[in-house]
Amino acid sequence: MQPTDPNKFTEKAWEAIAKTPEIAKQHRQQQIETEHLLSALLEQNGLATSIFNKAGASIPRVNDQVNSFIAQQPKLSNPSESIYLGRSLDKLLDNAEIAKSKYGDDYISIEHLMAAYGQDDRLGKNLYREIGLTENKLAEIIKQIRGTQKVTDQNPEGKYESLEKYGRDLTELAREGKLDPVIGRDEEVRRTIQILSRRTKNNPVLIGEPGVGKTAIAEGLAQRIINHDVPESLRDRKLISLDMGALIAGAKYRGEFEERLKAVLKEVTDSQGQIILFIDEIHTVVGAGATQGAMDAGNLLKPMLARGALRCIGATTLDEYRKYIEKDAALERRFQEVLVDEPNVLDTISILRGLKERYEVHHGVKIADSALVAAAMLSNRYISDRFLPDKAIDLVDEAAAKLKMEITSKPEELDEVDRKILQLEMERLSLQRENDSASKERLEKLEKELADFKEEQSKLNGQWQSEKTVIDQIRTVKETIDQVNLEIQQAQRDYDYNKAAELQYGKLTDLQRQVEALETQLAEQQTSGKSLLREEVLESDIAEIISKWTGIPISKLVESEKEKLLHLEDELHSRVIGQDEAVTAVAEAIQRSRAGLSDPNRPTASFIFLGPTGVGKTELAKALAKNLFDTEEALVRIDMSEYMEKHAVSRLMGAPPGYVGYEEGGQLTEAIRRRPYSVILFDEIEKAHGDVFNVMLQILDDGRLTDAQGHVVDFKNTIIIMTSNLGSQYILDVAGDDSRYEEMRSRVMDVMRENFRPEFLNRVDETIIFHGLQKSELRSIVQIQIQSLATRLEEQKLTLKLTDKALDFLAAVGYDPVYGARPLKRAVQKYLETAIAKGILRGDYKPGETIVVDETDERLSFTSLRGDLVIV
């Protein structure tokens, strides 16, 4: 048969035949024979390779034999362009056509060519005999691969073993111990089994937030199936996870995707209920593969799902379920919902304890139980935009990976010694070129120093290598223990209790003794001298990782917060002068909240600061951010004068759908999503439009706010401060007169009630009145301002000193009871900063000098000192 008509062959078969002339040319041969075709089939890495694999043959070995056979054939010294079809290949193609008729197919496919090789006297017969591939065995393998399929089109190979190509057998992975253990989730697994056991609509869909463990439930079911911990209806079933990406990828022609999916579904239905399909991200089937009139995957699934012919478990997030599945009511009714909630912190700790061994073996480190508890608690507290247990597992994984990296990298002490040796070696080279006695003396000293460092290097290197070796040995033994545990489980499943007992009480016990001995050896090495390597993940490692993720400084997480909170009042007093009552009220409210006595579903604290301008309202908010969250950047400042119009209110939460800027999110909500631990300052709230307070009610009462895109933003870890100038005139009237304080307070509160609704005022924790500043208090504020200026001058290597008279002068000229401390800042700029700036520009002050500022004749005088020497 002359292979001139590609329409008689399948695409893959013709592709291999078309490649044979090229292979013959490469080997300078003029006739195309069966060996060239077999070489082309093996190169495809398709059905031919699969047949050889199932026959138990080694593909590289078969390849070598074919190539060796080709190399032995006669070669032409100068081959002509014309290439002929050899007699053996002609006969092979005739036999392939006979095989095609025998199987009742429409096209010659690769399996027909493989069957024809069994009668090929040139190469095929001998090769098959060598690998033990008889005619019956080949027929069995072809039947196993094809199932009940017939070759009715030119691309049948894409439909063979579809589940193997486009799916992962979870039960097989569970049997091999490649799935992580699933802890808890019994209720959800039980409900899934219950739905799978129904007669019709036996399709559960697992719905939950990303990272709560939906896929883990499917894996847990696979583990239960292999442990026979399921009802009779699910005993010995296969759970196969379908990869929608692989199913769609490479489907070039119209209808090819549908063909692949139909082949998968046919394989599942042909199994008579033996296969359960798991589709992760099930929303991807809606609309998948739909192009101009083509059916999408969801519509292909519907008939089978309804009549119970296909048992399918789906998994998707709440948002995607609503967006894709709920829109298609016909698809939705075929699935039964199983809601997967986020586990609480205690359940997460149990999950982490169950996974601990897996991560220890993988990374070759130990993980302390305190680290697991810290991972669950800190991730729950500090990472609000992700869900447990996923975020806690990620923390443990990353902390263990970091420690593993440190073990394999050179220790810091050794690195320092290496650098020092390199530096001394370079110094020695330059000294060897010198001939004077001082250089020779220095060289002698350097040689001794170098010898000492090299000795230390050798000692440290030896210690590092020995510690590293023991840690590696522990890891290897633990991996073996893991493997033995798998073998024990397999033996128990096979009811081979003799083997299980032999492994458990023989091999496993020996390995556990080995681990104990190695751990003791490592402990001795580490206690005998200074340990170079650490092989246990601790609480501090978890805190360090979370600090990198969230930007909250590590000391904030590890340092005893009690200590910090006890000293909060003193810290605030040192920065905010003359507002003792306000500082005490703020500190006490935060202490109550952090001690766990305030409502956990509301913000940490909320205050209204009332008082005239320049008395320290905003300064106290900044000081609070700095002391609680270690940076003033944790202060989210929103100027309410920007929200005077009704339409501007939407800027807080983001523009509604359909408006410009919808994708950008809100100014307030985005800031808190990025940094959930913040002090929020709403400056001058009396200027805001009334609708702003409707938004505030929700934040103050529930500690949450939903932005325009539907994200719920958590305000439970924020401190909310609102400032206002309302009633300032009454506060200034009684400045310094404590006897009239209550009268003033009631008048100020009357003004507040006139301007704000009672439901708003009622939700605020405390309304704090800031007093007008007294002249005596301004001196302390001057010192704070001077300290700030002195710090800036230090960068230019200048020191600043002010006499008491100079301080009193600045306090006097900067005092204005109406404007508070702001005129003081202007006075420091006018009388002090300007004069020093001019002096620096004129060159009066040189680096290293001290600028002494005094007051003479109601003006400041400046003197420059170098040491005790006065420079005029």
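FYI, residue positions are counted from 1 along the chain as it appears here.
Every residue gets a Cβ built from N, Cα and C, even glycine.
Per Swiss-Prot, these features apply:
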BINDING   Gly208, Glu209, Pro210, Gly211, Val212, Gly213, Lys214, Thr215  ATP 1 binding site
DOMAIN    6-148  domain 'Clp R'
REGION    85-148  region 'Repeat 2'
REGION    561-772  region 'NBD2'
Would you say which of the binding-site residues Gly208, Pro210, Gly211, Gly213 has the most Cβ atoms within 10 Å of its own Cβ? Gly213
Where DSSP helix means H, G or I and strand means E or B, what are the helix, strand and coil counts for the domain 'Clp R' (6-148)? 99 helix, 6 strand, 38 coil
May I ask which residues of the same chain, at least 6 positions away in sequence, place their Cβ under 8 angstroms from the Cβ of Lys214 (ATP 1 binding site)? Leu206, Ile207, Gly208, Asp280, Ala315, Thr316, Val340
Listed in sequence order, residues not in Gly208, Glu209, Pro210, Gly211, Val212, Gly213, Lys214, Thr215 with Cβ within 8 Å of the centre of the ATP 1 site Cβ atoms: Ala216, Thr317, Val340, Glu342, Phe387, Asp390
Number of other Cβ atoms within 10 Å of the Cβ of Val212 (ATP 1 binding site) across all protein chains: 22
Give the sequence-ordered list of residues that share a chain with Glu209 (ATP 1 binding site), lie 6 or more positions from it, and have CB atoms under 8 Å from its CB. Thr317, Leu318, Glu342, Phe387
Output, ordered by sequence, the same-chain residues six or more apart from Thr215 (ATP 1 binding site) with a CB under 8 Å from its CB, or 'none'. Asp280, Ala315
State the mean pLDDT for the region 'NBD2' (561-772). 79
